[in-house]
Amino acid sequence: MAASAPVLLRVLSAAYGAAERAGEIIRRIMSEGDLGIVEKNGALDLQTKADRLVQQSIVGYLARHFPALKVIGEEEVEAGGSPELLEGSLSDEILQQTCPEELSKAQENELIVWLDPLDGTKEYTEGLLDHVTVLIGLAYQGKAVAGVINQPFYNYKAGKGAQLGRTVWGVLGIGGFGFHPAAIPGGKCIVVTTRSHSNKLVNDCVDAMMPDKVVRVGGAGNKVLQLIEGQASAYVFASPGTKKWDTCAPEAILHAFGAACVEIVF
């Protein structure tokens, strides 16, 4: 690794490479046809072989290179395991950035990585592949400061031979990269919200926005990407249940891009 780069950029660069490799694993498992689906807490809360393998691999990869780093993943799986991500590529683009002064001081043991190995698991099992993401967020002093989002099946509707997948990333004070920012056309209010976890409170809050259109899709990472690429003007989910492994990476990229993320107090 580029030992001269600040720790935060080195961790993020490794996370970028890990996310890309994770995307390959997720695509491979889908192509093999055996998803290894189990229910965690009911039919809406699923786990697949890809969830388990990707989390084990990313945690193992980061632990090998950053032993003092704290990594918190969504899945309750045994540590260690797969060697599939123990070697991965780094992002030279990230390592070459000038880190903001306040973030360049961060030490390895002061960073927390929040990991969702497969965001949009239910959609993955249903073949809604454009909803699926890998989320790796970095928090420092209790704040989401950097993140990586991989879309394993980006461009999958382009037909045979299309190059699949993309990885976007962002750091506060540096910016967001790997996506195509756009504004909502015609000044319309388009709200993106949950596809499968709706309730009266969520619907009331969405209605209060007086939207021109409501888009219901899966995955926190997918919804945030819809915001920054001009497919929606607000992501509204007024309900408990979203965890830091869902929000850390998307929040950091949103803020790096110049958008805002706020919490609704119940």
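The first residue you see is number 1, and the count goes up from there.
Placement of Cβ uses the backbone N, Cα and C atoms for every residue, glycine included.
What TrEMBL lists as Mg(2+) binding site is Glu74, Asp116, Leu118, Asp119, Asp246. Neighbours of Glu74 (Mg(2+) binding site), defined as other CB atoms within 10 A of its CB across all chains, total 21.
Looking only at other Cβ atoms within 10 Å, the busiest spot among the binding-site residues Asp116, Asp119, Asp246 turns out to be Asp116.
The C-beta environment of Leu118 (Mg(2+) binding site), restricted to residues of the same chain at least 6 apart in sequence and closer than 8 Å, consists of Ile26, Thr48, Ala50, Asp51, Val54, Tyr124, Val132, Thr133, Val134.
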